[in-house]
């Protein structure tokens, strides 16, 4: 290795940083430079494929871990007190003793961090050493290497069932059509196969690819975490640019399926791959309770400083009041006592050290333990397990479980969240004629059989009915394979923990076969129709548990959305069977049995702006360039040209197909069906050639590529010819109405934000109980701002009149709002925002229709910020991600629309009905447990610290403790630490059955909830009262006696233990064996440790001597009398109040139950 100057190394590092930060990267093949030193490699500035997810190294673990732990202010606070205690002028007790609590906390946290980091190291090592095949110019073949040896610019070969080691630009596959099928389950949980196609025009050595023949330069964008987008192109030696998108990128972590082998060029490696950039670890959010906790800690700091100031002032007054210096005040080595002012100044800091436990050092660790345990109980609840999908709830945000008990607004998507998202084809309208699916009498079959035969016999003309069903079969991205060919999978031993560094998601297989419980058998089907080859077959995809029938012609359709699968099956039911699909062709079998092979010229994929997708094909018979388009009705209707109006006559009059079809669409929407319009366009050859040039330029562009591609799509999708429309049923999920009713009774307002038509959304709203017959439903649809303003003003005036009417004092106006996306934009404008919020605050439910993803997120933010309420958003698709991330809690439904919503969520469930128990039971328990535990922690520390504070009034405010320092440290660290943790983990104030049966009980957590300002200060005052009783009962008993300091402190310490533990016993609502063991174990531990300490510790804390103190006390009946009397008097007020609350609460629950019945 040649020596390089430091200046050259710095210059190289700066160049590398610039190369990595450039928006565009130019990558060359590594083959011509094989064997040369790193400085001569063209791609040397980019990261290697080795990954490192560990946070620490063995050598620097201790300093790095301490540095990370000291980011917590609480740890810094206690370390500062330890350092302060080493200063002789202000130390309160032995410095070594002060080290014990913080050392225990830091050590436990460090052990946990070390174990987690060691597991990451093992995972990294296993992953980096996995085998792969890299092409070697010297050996003229692909050789086996490790993943960590892969570099940007290498050629990597992947084989069937092998996991892809880096992000590869696909150049060649064994498939003659250049197709490679991959499974992305490790990235997004989806197991339906996805097609990737080799970059066209790059590989010229088929059937055997020679990497050395590749002379181009790959230009691509800077790495990003978007799994669905990639921009790049290959520049050939002749300067021709060939565009490449996500359809040509094999992502690291995906698995090759149904493809013998493929070869790709490495564009991103290691930590720059898209999978690694998405590996952000657990989500962190601060809960509402945690924010409130920080405020109360601040109050405790103020209380501590106040007590220390009182102590410092008292010490000053005490010193000034003495006429002479008493003999027990020993001067320092200088021989001179400090002045009263300086001594009181020192005493302030000494008191801080003595009373430090007022700030609970173990509270934060206890909260973490409780939350982890709560998550364990939630994820293992059998009622939240979905047997059909074999999935249970996922908790991804580890620190907001208590927020589940404080939700006031729920924002839900409709499709896939409230509904099954398992589509069933029900009705269609073709050329203005409506055909109900189950009720049709074979007329549609007869029409198809006639038109398909006559259209095929006339090569210059096709029929609209034929075009309609061809569009259903062709205009999609469905992957076709044989259901009998089982997909080979990598062994569990190899794949079990390969991607532990990625969050594993439950797998969703959207592979649809034609078997189903529902089959279509048209009534009145004639014998002549049967001879056309039409077979009864399912019109909707089966459930995931159905197994495909092993027949010779059984096909497997793998669709990216259930809508596409339903339309493909509808086409197949009427004889138009999709047989195969490649990037360049698609084959459809007609009812007559003839197979048409269409050449696919381009696919204009769906996007949320256009609301449609199109496929441009060359018709095999007419040789025409035909564009088939499907999309939302409003997106298609505005693009229509001249319809087939002249081809169809009804009662001698020409029919306005668009108007009639729109009427059918409105009827479908009122029935709750999802609607799509189907259209076509014949493109001339000249127009196609001009458009193709623009399309290729757009595909090869890097800057502003998305806009250019969309512009080319919009350019072609004009003057469409309407063929018809479809109505697809999306049934409600199980128990959705019951869940919404329970959530409403719990005081939660439910909103539905959907992209569907208002008629469809309203129908579903009534079906799921969101809207009721007695509701006053306000439909807001305004084209102009002034109209929207008038509607808001009038409605608000009516609400004010209703509320002002004396006859409506005890009643509530059941009002619901339905608003479309266009009107919503106006209502959310700055001028009308406050009025809109004022209106929806009075609404029981709101339905927002035709809304975009950005509108969804904005609605959530507006309600959360304006009304200061806790919000929850639930959705199942990529269009719900913004809404999920905008809410306080995001719920992902792991349904049929992929896993993007799940990946962005805080909690993931498989059914909407699971929200009922998740919120009403687990949410309530998590909140009440944590709130009560935190309040108890503050009470416990204040009560114990006050014992030391009261003693200062009788010892000249000298920061003397009447309890041995070791026992004082052990009291909070061991004797009373486990009971509150178990209280926070296992306590159940109300049973699950009662919480589900009386949803109104959930309201106790809403708003300020149980953990209120008053609750905190009442608990603090109670702690002051109990500490006064605990201190002055022994003080009055032993007044004027000659007992020593520790003899006075021992019954006081013992009484404090019983008071604090029995106080917790009063708070515990449900006792278990674990509670008994821990409570009795804590008492036993106290006596065992104290007795042992008193027996062996003679000079542990000189000059004091706690030897045999407790043994002597336990021989004195007065000790037991003091403990019993102090405990009873201290706890009597709390016991009385709890009995009153118990009987009042029981009566309230009984009244609620009677009202419900």
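Cβ coordinates come from backbone N, Cα and C, glycine included.
As annotated by TrEMBL, active site, 4-aspartylphosphate intermediate applies to 413. Within 10 Å of the C-beta of residue 413 (active site, 4-aspartylphosphate intermediate) there are 28 other C-beta atoms, taking all protein chains into account.
Per TrEMBL, Mg(2+) binding site is recorded for 413, 415, 876, 880. The Cβ of residue 415 (Mg(2+) binding site) has 27 other Cβ atoms within 10 Å, all protein chains considered.
The annotation ATP binding site is assigned in TrEMBL to 413, 414, 415, 564, 606, 630, 674, 754, 755, 756, 850, 856, 879, 880.
The feature compositional bias 'Polar residues' is assigned by TrEMBL to 522-535.
Taken from TrEMBL, the feature region 'Disordered' applies to 511-548.
If you look up TrEMBL, you'll see 293-318 (among others) marked as transmembrane segment.
Taken from TrEMBL, the feature transmembrane segment applies to 345-367 (among others). Residues 72, 74, 77-78, 81, 84-85, 87, 89-93, 98, 101-102, 105, 108-109, 290, 297, 300-301, 303-305, 307-309, 311-312, 315-316, 338, 930, 933-934, 937-938, 940-942, 944-945, 948-949, 952, 957-959, 961, 972-973, 977, 980-981, 984 of the same chain lie 6+ residues outside the transmembrane segment (345-367) yet bring a C-beta within less than 8 angstroms of a C-beta in it.
What TrEMBL records for 951-975 (among others) is transmembrane segment.
The feature transmembrane segment is assigned by TrEMBL to 1016-1037 (among others). Here the transmembrane segment (1016-1037) has long-range neighbours at 296, 299, 303, 935-936, 938-940, 942-944, 946-947, 949-951, 954, 1048, 1051-1052, 1055-1056, 1059, 1063, 1118, 1121-1122, 1125-1126, 1129-1131, 1133-1134, meaning same-chain residues at least 6 beyond its ends whose C-beta is under 8 angstroms from one of its own.
What TrEMBL records for 1043-1064 (among others) is transmembrane segment.
When Cβ-Cβ distances below 8 Å are used as the criterion, the transmembrane segment (1076-1098) is approached by residues 964, 966-967, 970, 974-976, 978-979, 982, 1050, 1054, 1057-1058, 1061, 1064-1065, 1105-1111 of the same chain, each at least six residues removed from its ends. Annotated transmembrane segment per TrEMBL: 1076-1098 (among others), in sequence order.
Sequence-remote contacts of a segment are chain residues at least 6 beyond its ends whose Cβ falls under 8 Å from one of its Cβ atoms, and for the transmembrane segment (1118-1137) they are 1022, 1025-1026, 1029-1030, 1033-1034, 1037, 1050-1051, 1054-1055, 1058-1059, 1062-1063, 1066. Annotated transmembrane segment per TrEMBL: 1118-1137 (among others), in sequence order.
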Intrachain residues whose Cβ lies under 8 Å of the transmembrane segment (293-318), provided they are six or more past its termini: 340-341, 343-345, 347-349, 351-352, 355-356, 358-359, 934, 938, 941-942, 945, 949, 952-953, 956-959, 1016, 1020
When distances run from the Cα of residue 413 (active site, 4-aspartylphosphate intermediate) to each of the binding-site residues 606, 674, 850, 879, the nearest one: 879
Residue 880 (Mg(2+) binding site) to residue 755 (ATP binding site) - Cα separation in whole Å: 11
Span of 413, 414, 415, 564, 606, 630, 674, 754, 755, 756, 850, 856, 879, 880 around ATP - largest C-alpha separation, Å: 25
Cβ neighbour count (within 10 Å, all chains shown) around residue 674 (ATP binding site): 24
Lowest local Cβ density (other Cβ within 10 Å) among binding-site residues: 606, 850, 876, 879, 880: 606
Cβ neighbours of residue 755 (ATP binding site) where a neighbour is any other Cβ within 10 Å: 23
Cα-nearest neighbour of residue 876 (Mg(2+) binding site) within the listed binding-site residues, 606, 674, 755, 850: 755
